[in-house]
């Protein structure tokens, strides 16, 4: 069976980079899970002895600690550096950017608005860089904006990297109509949408489509649903064991894509198995 | 006849201020007409000997020259100041703001976008404050934006004070989706909309409505059309000579509003005449 991979699939740039960093530091430990995929965490543990800490207290002197793509709050990073542990910062550059923007803008006297989920580690980290924590506001929905009390008439805004642009614009427009100056930083990352666009394109040109990812992963389910719109024979699997030969009977070309938490080696196993089917 | 004035009508803040300034400088001259109303220009000439220059070459030593609300290009102001003439700056503070923003932002390395009419004196003046004139862009419509070549990925935007906010947001949203940083200054003035809102409210509570302003003035015609929506007996007049007694027969309360170029004394003459009608 001939297989064609989507032009963009699986891990985003930041996660790929963090995994390469982890592989380069054997016997280290990540601060929090590097990725929402237990198979990959196990692989890093087995092949590179990369451990996992859940909080700062577990860190011991002379440890090598890897900060994951989401980043961590400013003071946690300071505490870590104050210890004797060696700190390897694998924070995604697309997350470092809003952290530095919040730091700079808040120093320059801007009130800060972050569009994102206040309980998400990325947002917690970005927020922590504000000088005046009472003037760094986080909202998920436009409705929450009327409850905010900005201390300044100059507002700077950033967005969590995985948020939708349309909702960010809605919030930004509200601010522009009510404030003298709004400094808008578009910190939204296109990775999620790139996988979706690529899946849409590929599913239009193949006979059968295989989507690899967690059955409970919302981004994988969305990929599957996009593929089904264009290719009725689209299947969602977690790994190669679920492949059924009957799917490929009378088909000529199989498209493959994967959710954002699916490691390359799981994808490769799937591709290898499908390619062997006659 | 009882008369009620709209809560906002006639001249905006900037024009009222400029006229007060002109009245305070007898024997001066304005650079360009202070207002689009010949009666008012005549009054300033007759009562205060305030003349009118159409261009810089007419200025003589020891003249007192009044810069009108729209402002003038930076170099014209410089040339004026280099002469022996005394310069009185009646530029509306709401126009000085975008001038200063363009100056500062362009010094800080931002590309500049002005939403407005490139042939309007206000916009010409604001544009002139950009450091690099090739990187100060002016558009009236969103369609023009794709033809622009910004030199930087950081954009600062201002709007002509009389523009519509909805159209400004459309342009700003386009920029946000395509640039790392967009610094949005809301320089749109509410004056026009305040007159419209007040006319709408007043026309709902009166029997008859009189709108004073030029028959060719687009803002006066818009006021008239808003009033007619709520009060069928709405009349558009240029001055008190056009008032007809029959309009007020059987009516109890007459609302009065005026376009943005209508001087207070013309309004007062109308009010006085209507109040005398039984």
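Every residue gets a Cβ built from N, Cα and C, even glycine.
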Further [4Fe-4S] cluster ligand in TrEMBL, beside A:12, A:92, within candidate set A:189, A:227: A:189
Entries of A:36, A:120, A:217, A:219, A:261 which, being binding-site residues, have CA atoms within 10 angstroms of residue A:92 ([4Fe-4S] cluster binding site): none
Residue A:189 ([4Fe-4S] cluster binding site) CB neighbourhood, other CB atoms within 10 A: 20
Cα-Cα distance maximum in Å, computed over every pair in A:36, A:70, A:120, A:161, A:217, A:218, A:219, A:261 that the record assigns to (2E)-4-hydroxy-3-methylbut-2-enyl diphosphate: 19
Protein Cβ atoms within 10 Å of residue A:161 ((2E)-4-hydroxy-3-methylbut-2-enyl diphosphate binding site), excluding its own: 24
From A:70, A:122, A:217, A:218, A:219, A:261, the recorded positions whose CA lies within 10 Å of that of residue A:189 ([4Fe-4S] cluster binding site): none
DSSP three-state assignment (helix, strand or coil) for residue A:218 (dimethylallyl diphosphate binding site): helix
Cβ within 8 Å of the mean position of the Cβ atoms of A:12, A:92, A:189: remaining residues of the chain near [4Fe-4S] cluster: A:13, A:14, A:15, A:69, A:94, A:95, A:161, A:162, A:191
For the binding-site residues A:36, A:70, A:120, the one whose C-beta sees the most other C-beta atoms within 10 angstroms: A:70
